[in-house]
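Chemist: Below is the structure I would like to discuss, written out as structure tokens.
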Amino acid sequence: MHNLTIAEISRKLQAKEFSSEEITRYFLDRIKQQDPTYNCYVTVTEELAMAQAKAADARLAAGNAPTMCGVPFAHKDIFCTNGVKTTCGSKMLDNFVPPYNATVVENYINEGAVMLGKTNMDEFAMGSSNETSYFGPVKNPWDTNCVPGGSSGGSAAAVAARMAPGATATDTGGSIRQPAALCGITGIKPTYGRVSRWGMIAFASSLDQAGVMARSAEDAAIMLNVMAGYDNKDSTCIDEPVPDYIANLGDSLAGVTIGVPKEYFEVGLNPGTEARVQDAIKQYETAGAKIKSISLPHSHLAVPAYYVIAPAECSANLSRFDGVRYGHRCDDPKDLMDLYKRSRGEGFGEEVKRRILVGTYCLSAGYYDAYYGKSQQVRRLIKQDFVDAFKEVDVIMGPTAPSPAFAFGSKGDDPVAMYLEDIYTIATNLAGLPGMSVPCGLVDNKPVGLQLIGNFFAESKLLNLAHQFQLATDFHTLAPSSLA
């Protein structure tokens, strides 16, 4: 049963082939069996899941239940869940139990979907390897000596290890697409403002966006149908009609023009990764798409611009964690300043502290214009590169990550090497565009991801292109050989 997709589970639930309680119990038992190996979950919500499954079965019996009613899935532990611990992968929030649900969580509750638990992640979503989590690293199901990617490593590994058929995730600079690539699953980051951020713990507010991880584009479309839409509680959420993402999956590739940026195939790209990605692009050409070489001339500035803007916003957002209102509080503070210093010093991990320091420096008097102001100017140039490109092409394709999954500890002493893991994904966040990663083969028995980048609100087009690729290939069906 663990190999069933969301679409298959939904059809079987509607056909009464099994109940939501049965499939939910199956996945809960599988988590108990598998998760000690992979460490994907911070919290497993067994009692809540069974209660939600029972309620879903009642809706299914009554008829006309929504597509995801009764389907089990997981939430990244960055979304507030009423009455369920929400840690954001940090000691700072080790015992934080929100009194409300994030809009994304509420949308799934209204759909009747069943939450299996909350998945592990890099602390406050800062990382590309899931090594910064207070709750320990997540192991990649394809090779347990390697990282799953980050920050949504728990969600990616849970889907890859068949401990959930799908999971929510977030993406600030690649945190959906990079772990999706490294774990051999499908992940989509929607357009900025397409999905509500209300109740999603903030890292960098102008870059953060919620999205989904699943095994196929069809499943991702089903999940995005539930999540997407306007929310007046989020001032950055855009009131734009949401199409039915499932309805457009059958569109032909004929007449589609794919742009391939030359900057994405230069120094630093693993040769095996490049070969798999080029093979995938050729597959599209065979299916009737036109391939066009393009240039995104400011691509080399994306990483440095991001690592000024994101830490600056993180510095401001994380200032609310002061030991006074919620989160970790130090023991026996001498005075208010001691409370602030020790609570934050004890509550935050090393990578989070590093980014707060960088961000605070960039925002300080005398440096603001030179760093933050200049980076925002670069951001506009990067966005304009995409605007110009989409005048000539329908979609942009290239690698998701520069290499397959790397070994634990191999980049821990070199923050810049770790930051370069997101070299192909960051520009999409800076521009606010939708991006997607789909499995396109293996290198040394580890997955490689093909990245698709669309114009604003082109999620339907990306999902359709990914679905057509998955109809013609079986890379998305491959499972790690170690799985029971």
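Note that Cβ sites are derived from N, Cα and C of the backbone, with glycine treated the same way.
Reproduced below are the annotations present in Swiss-Prot:
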ACT_SITE  Lys76  active site, charge relay system
ACT_SITE  Ser151  active site, charge relay system
ACT_SITE  Ser175  active site, acyl-ester intermediate
Chemist: Please list residues from the chain of the residue listed as 'active site, acyl-ester intermediate' whose Cβ is under 8 angstroms from its Cβ, counting only those at least six apart in sequence.
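Modeler: Correct list: Asp122, Ala125, Ser128, Gly150, Ser151, Ser152, Ala169.
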Chemist: Under 8 Å Cβ to Cβ from Lys76 (active site, charge relay system), same chain, six or more residues apart: give me those in sequence order, or none if nothing qualifies.
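Modeler: Same-chain residues close to Lys76 (active site, charge relay system) (Cβ under 8 Å, separated by 6 or more) are Lys118, Thr119, Met121, Ser152, Gly154, Ser155, Ala167, Thr168, Ala169, Thr170.
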Chemist: According to DSSP, which kind of secondary structure is Ser151 (active site, charge relay system) found in, if we only use helix, strand and coil?
Modeler: coil
Chemist: Report, as a single number, how many Cβ atoms besides its own are within 10 Å of the Cβ of Ser151 (active site, charge relay system).
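Modeler: There are 35 of them.
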Chemist: Which three-state DSSP class does the residue listed as 'active site, acyl-ester intermediate' fall into?
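Modeler: Once the DSSP labels are grouped into three classes, the residue listed as 'active site, acyl-ester intermediate' ends up as coil.
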